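Student: Sharing a structure below in structure tokens format, with a few things to ask.
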Amino acid sequence: MRSSCVLLTALVALVAYYIYIPLPSAVSDPWKLMLLDATFRSAQQVSNLIHSLGLSHHLLALNFIIISFGKKSAWSSAQVKVTDTDFDGVEVRVFEGSPKPEEPLKRSIIYIHGGGWALASAKIRYYDELCTAMAEELNAVIVSIEYRLVPKVYFPAQIHDVVHATKYFLQPEVLHKYSVDPDRIGISGDSAGGNLAAAVGQQFSQDAKLKDKFKVQALIYPVLQALDFNTPSYQQNVNTPILPRYVMVKYWVDYFQGNHDFVQAMIVNNHTSLDVEEAVALRARLNWTSLLPASITKGYRPVMQTTGNARIVREIPQLLDARAAPLIADQEVLRHLPKTYILTCEYDVLRDDGIMYAKRLESAGVEVTLDHYEDGFHGCMIFTSWPTNFSVGIRTRNSYIKWLDQNL
């Protein structure tokens, strides 16, 4: 009996040690965040073990775990009709708010889920619940795109999937089928989905053949650049859940089918050092010492190497492609973008990507709402229901939907 108690105590101590990570006291629901992060880390470790045994690619294994625990069928209610279909060969889940006699035409949002271009799905519970809430509260048609993921495809295939599905939806006969007002369509996404939304938003704003343009774009903690992994938010949140810096850099490398040996060099900005000529001019477009306010830069200093590894950009030129990094787009491209909402979180490596993009858009004459959450963390907006319900998740979702209601 005594030995059993000792063993149980030791086991509890080990579990507590695994779960506990130091977090700022200001972050929303810190103990719940520790549990969520521990769960995700465990899934990552299992997927890495499967990969090391040669049974599957680690991202395929990780996504299988995520979808196995969270997949939800297309279930309609009295308020929202939900259907799975495909637009030009791309799978989508469509959420239709209830018809209203006084509003024969509905608003619409093209929604693109996050997950590092490699994980999650439009059909998991978190995104199904978000899009259902949007469709019901906005009385709108939400098209959630099930784009293909790494490692089955790589950049720019994800962008192509979103473009194909969106152009199909924008056809007059399709808009008529769903009773959508062509003048009240927006594009939105979170994290990597925010990256894709920003890239497609830029592409569509430049496409003279497109009759219908987006009325708004709404980007939720978007990832927007891969040139500087030492912005103040990357330095401040280097080991913060749910997206530590090392993991974000790996997502970029996987997105471009690059060499993982480059990850450590990229973390210290060796890929955009002063001797890498291709990157010098572009880095000027994300000079955070001028784009970020003093309340954000605090005491952090830029990390710019004099000499680095030019081989990285030669082998992964996509790092400098504005389709992958919308923050580095030309000012002329930015000035044609629609009214924009950007949500950022204090405890997120991507915080400064969003803030810098807001600043560049404002400088280009675009109307921007920057909605910053001092207690927010990356991914928080989809965590609104038990057991992963966070106070900041509910507040961010409500604010996001309210802005759409007022501006779309």
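The backbone N, Cα and C atoms fix where each Cβ goes, glycine too.
Features from TrEMBL:
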ACT_SITE  S191  active site
ACT_SITE  D348  active site
ACT_SITE  H378  active site
DOMAIN    109-265  domain 'Alpha/beta hydrolase fold-3'
DOMAIN    319-381  domain 'Alpha/beta hydrolase fold-3'
Student: Could you tally the C-beta atoms, other than its own, that fall within 10 angstroms of the C-beta of D348 (active site)?
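Tutor: Step by step: centre on the Cβ of D348 (active site), count other Cβ atoms within 10 Å, giving 28.
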Student: If you skip the near sequence neighbours and keep only those at least six away, which residues in the chain come within under 8 angstroms of S191 (active site), Cβ to Cβ?
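Tutor: Once residues fewer than 6 apart are set aside, S191 (active site) is near G114, G115, G116, I220, Y221, P222, V223, L243, L350, H378, G379.
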Student: Averaging the per-residue pLDDT over the domain 'Alpha/beta hydrolase fold-3' (319-381), what integer do you get?
Tutor: 98
